[in-house]
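J.: First the structure, which I've put down as structure tokens, then a few questions once you've had a look.
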């Protein structure tokens with residue numbers, strides 16, 4: 001029974017093959033070719049990605065930050081495939097650009113990149129690069145970028161979002177702040193290691209030596225230590241330094257000023273209430289000192305017992321100092337806090 005059934009099954013299979021539509025064979029062949037092509041394309045992408053990562057790792061082994069022109073930017077940052085994040089600083093470091101803040105930001109960026117390059121967590125998922133305006137003008141034009149320095153994060157997939165541009169004007173460009181921003185965008189945590197800086201220690205040693213030498217020279221007459229005016233001046237200097245924002249500058253590391261790349265105009269006052277320039281704190285310090293001097297003169301004119309005409313002149317000078325410099329200080333406040341003077345619509 002089994003022997004007679006085998007030829008019957010072969011005949012049935014032959015009939016099925018005989019009646020298979022002839023148009024199915026080109027379709028199967030086309031499908032096979034498509035699968036082979038897709039597999040080859042995927043393999044090509046993998047090879048291209050491996051070459052790009054290998055090249056980036058080679059550059060990173062030489063320098064923590066590698067410079068890019070337009071061609072390299074388009075190949076390694078814009079063009080897929082890409083499975084790594086890239087932190088790019090767009091800057092203008094050439095001397096003719098006269099961008100002092102670019103040099104300061106470059107120093108902080110270098111500290112951050114070195115901290116990542118020589119850390120135990122270093123891998124091929126994050127790289128640091130730089131595009132100088134004079135070496136990649138076309139890149140600036142492509143991104144519609146009109147200011148420098150600017151820090152941007154280019155993610156492994158997709159286009160950069162708004163948060164991928166570092167808010168330098170509000171936060172400053174300290175390496176620690178950049179590391180925090182990178183951790184938010186890439187989940188890569190970088191511990192910043194700064195090279196030893198002995199300038200503070202040397203300055204403190206010089207100050208102690210100066211004070212010690214002064215005390216030694218005046219060892220027979222130390223009445224100046226009990227001078228109230230001297231101690232008042234020292235106290236005022238400390239107060240002026242703290243109220244002008246010097247501590248904020250030390251923590252955030254803002255630029256000294258901002259130069260507009262289009263018209264070359266330099267801004268010393270930041271337009272936002274959330275940030276400031278170093279020059280701005282110096283201006284505020286001078287204004288506070290002038291207002292204080294005016295108040296001291298007014299007090300001197302009111303309490304002294306000298307000539308009436310002289311006291312009147314001192315009073316007018318003090319009043320002029322207070323009115324003029326306080327008005328200047330108030331105008332700066334208005335430019336930073338838009339909408340001042342504030343008003344409550346319920347009382348209008």
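Every residue, even glycine, has its Cβ placed from backbone N, Cα and C.
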J.: Looking at 262-281, 282-301, which one is transmembrane segment according to TrEMBL?
T.: 282-301
J.: Among 198-217, 282-301, 313-333, point out the range having the most Cβ pairs under 8 angstroms from the transmembrane segment (229-248).
T.: 282-301
J.: Please report, as numbers and ranges, the same-chain residues at least 6 past the borders of the transmembrane segment (198-217) whose CB is under 8 Å from any CB of it.
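T.: For the transmembrane segment (198-217), the list is empty: none.
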